Amino acid sequence: MTPVSDPSSFSSLSKCATKHLNLIYHVDFERHVLKGKVALTVEVLEDKFSSLTLDSKDLKIFKVSANGQAAQFALGTKHKFKGSPLEITLPFELSRGQHVIVEIEYETSPSATALQWLTPKQTAGKKHPYLFSQCQATHCRTMVPCQDTPSVKHTYYAQVSVPRELVALMSALRDGQEPDPSDSSRVIYRFRQPVSMPSYLIAIVVGALESREIGPRSRVWSEKECVDEAAFEFSETETMLKTAESLAGPYVWGQYDVLVLPPSFPYGGMENPCLTFVTPTVLAGDRSLAGVIAHEISHSWTGNLVTNRTWEHFWSNFFILKWLNEGHTVYIERMIARCMESEQLRQFKGIGGWKELQESVKQFGANNVLTNLVPNLHEVDTDEAFSLVPYEKGFALLYHLEELMGGPEVFMGFVKSYIQLFAYGSVTTEEWKNYLFTYFKDKVDILNKVDWNGWMHTPGMPPVKPQYDTTMADACTALCQRWVKAKEEDLASFTEADVKKLNSPQLIEFMALLLQEPLPLSHVKKMQEVYQLNSVKNAEVRFRWLRICVKAHWEEAVPLALKMATEQGRMKFTRPLFKEVYNFSKYSDEAVKTFKEHRGALHPVTAMLVAKDLKIDG
């Protein structure tokens, strides 16, 4: 294994490695804090070991002990986004290979960026408060002092005390519950995660939750107001799991549950082991969530089982978990689509992904190093680096290699072998590449011709554009061009039947094409008259449609766009909608005013990024 250096972590990665966490949480909804105790089982990696550093951010540390003996501790200088190093001095010296249990009593801050506390009015039921976490990429340090880096993987056990009318869940197997012996109004939920995983996958949710069984190893959880709808939408989960297993190997996490969160959840999904978090915007009644679930299921192998060593190698998982997590995950997700639907659908998704990559590169700037597949993240906030680049640039590279190596069946053999070899560990891009050359040892001459520097370390679009089957895309392109080229007298030729011929992915692609070729206001108004797009519930379609309307300066669409931007908090939708209205100069102030009014309901990371988009100081 190559020496570990993580620019996003203060922790002592070369000196020691955490093997297990034992967590005890008391969830305090009144003060918006977790009062906690964590015992870290730490393996020593060097001789004369007498001190260690953990990551922490805005934590109040009360007490530290090592093997039951009091230990000295101090919080170092606070970094603007990495937090404060927790420096611990042991009361004894250890040798390489020994273990020590470091126990820390602490409390989180009400402003912990990993935690979002919702008032009853922000929930579907309106009666009880709600808490959920989002630790990726480097926010776990705001809810537990730890080695907050994907290069360290550990198991964990947890006990969580919550008000008895609420339910607690974690990214682990449920291990029973009991009345809290210290408070009869509360109940303790227990959890165990026997598979080693990185800190960013620790997750907690507390709310008035109900569940429905959707398969032999799956339940869907949400507030009762939408649990039955969610159960219907996720009914194909077991089929997807079995398909993924046929591609990538056995599912090792035991349970695969799905949690539908309140609208302020900032992402489409989060692959927390045993409990995938998903946005309620996927409940569109037309199975549009299939891609989201296939993606998160794929992370059970790429990301959760095989993890990028640091966030700079994210292409296979997140953005600075980069290409090793997300690129492979998108590749497997689309292979699931191929198995369950058709190769044409996989090709079509590749075309859409390429366009989204073009838009991301345009937003960052073609020379921005954050558009590298493997970026340098020294002094870079991982939240600000997040984009679709590692997902789609990573997929494009894998698809290009698939074409060179002999097709999807051949290349999927490599992906499965790679997963099995590096399972339960972490990997760098260089280690991935070395194994690629080893696996395809009879095709090294072809691999040597790949422009690796252009793919990995050069900003902008990839050096090679994949050639995709355009069968499904052609209908979208044809309809788009009809609208773009139409004169006023041609508008009467459009009918509702135009879009009835398109399935949901094609309708989304049609909207995406129109975003690249803005229409005059007269055309947009006619499109609404003919297609009734304002009434479409599919969030992916509605999001693009409202951006088209605002780009065309249709003033009636502005309140609709701001409503969608604020009634849910998924960054994929909220940020572009706010930016679109802000760029409509007549309504720039309205965008800022609306954001400030709703800022408190957004996830802290979402709020921070929208504030930057709208050029709001602080």
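From the backbone N, Cα and C atoms, a Cβ is placed for every residue, glycine too.
Caution: TrEMBL annotation is automatic and unverified by curators.
The peptide binding site annotation in TrEMBL covers GLN134, CYS135, GLN136, PRO266, TYR267, GLY268, GLY269, MET270, GLU271, ARG570, MET571, LYS572. Cβ-based neighbour count (10 Å, all protein chains) for GLN136 (peptide binding site) stands at 29.
Taken from TrEMBL, the feature Zn(2+) binding site covers HIS295, HIS299, GLU326.
According to TrEMBL, the active site, proton acceptor annotation covers GLU296. Taking all protein chains in view, 25 other C-beta atoms sit within 10 angstroms of the C-beta of GLU296 (active site, proton acceptor).
Taken from TrEMBL, the feature active site, proton donor applies to TYR391.
Feature annotation from TrEMBL assigns domain 'Peptidase M1 leukotriene A4 hydrolase/aminopeptidase C-terminal' to 471-614.
Residue density at GLU326 (Zn(2+) binding site): 32 other Cβ atoms are found within 10 A of its Cβ, drawing on all protein chains shown.
Counting every protein chain shown, 23 other Cβ atoms lie within 10 Å of the Cβ of TYR267 (peptide binding site). Neighbour density for GLU271 (peptide binding site): within 10 A of its CB lie 25 other CB atoms from the protein chains shown.
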